[in-house]
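Down below is the structure, laid out as structure tokens.
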Amino acid sequence: MAIVYGAILFQIILIACAEFPPEWHAWKATHSISYESEHEERRRHVVWQQNQEYIDQHNKYKEQFGYTLEMNKFGDMSNAEFAELMMCVQDYNHHGNLTESLLADNKFKGRVREYQAPATVSLPETVDWRTGGAVTHVKDQLRCGCSYAFAAVGALEGAAALARGRTASLSEQNVLDCSVPYGNHGCSCEDVNNAFMYVIDNGGLDTTSSYPYVSRQYYCKFKSSGVGATATGIVTISSGDESSLESALATAGPVAVYIDASHSSFQFYKYGVLNVPNCSRSKLSHAMILIGYGTTSSKKYWLLKNSWGPNWGISGYIKMSRGMSNQCGIATYASFPTL
């Protein structure tokens, strides 16, 4: 009787598993994903199928679009769920001039200046600060909406590397836990410039090894003995000015930027030059590190380092349209620290 019961149970399990395609099981295994109930798995599978259909439909015309999409670890989330978890839309239309906006806040006075492009410098056709030794490895913010911390830290890592001639990984967790008095709130979308001000006033930022990332906010555990870099000021880019952004990137190093990343094409981006004409230039939702620019197949692009791990995009990076009237707001709210 026990043997018969066991055989029946095995058949039931086989039938249940057969309801899902092998691609679904492979995707779950690849990303180590499981669900608390069968109901939740069925619901997530429906979303996954819809996303896969969207990706397949786009890729039929990828040559016309100029970029390719791919299923990834965000595949069981709708675009709305993805945006809610990983980003937060903020309207920067009211900011006007970024420098003036920051200086209206007393904590920034005496610490902020606007970038002025050198009059006699000829900019290179291509810039990639990875080859210039100013970019650390691709990191992963996991399920914490703190792209601001990764962008701020990435820009500081770049400035420190260019000053010292070597890279050192700095602590996003230090920013996450300790910049709250400056207006940031852990895993909520906040401001890279608040993070810069924290580093300036605090006398530095710890290294990753002394203050590891845990993807959630805790109490501040900064140790002066663990400091890996300091900062003295903030340089802003004139809002919306891609030419100034290009010059700053080429002459000063990596820049922290905000973009409108709320589109499904960004969620599932794999490679190519992302071109989203209906992107917002003022309602921005995600911070990244701008590390380069160039041209491929006559398409001008910006090269950015994301914080969603090396399996997203081009090994963790993305190329976005350059010289397209500030597409996706890449030059709307851009800044970098000075040492």
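The backbone N, Cα and C atoms fix where each Cβ goes, and this holds for glycine too.
The model shown is predicted, which means the values in this text are computed figures rather than measured ones.
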Annotated residue, phosphotyrosine, per Swiss-Prot; candidates TYR219, TYR258, TYR293, TYR317: TYR219
Recorded positions: SER188, ASN306 - member with fewest neighbouring CB atoms within 10 Å: SER188
C-beta crowding around LEU123 (N,N-dimethylleucine), within 10 angstroms: 15
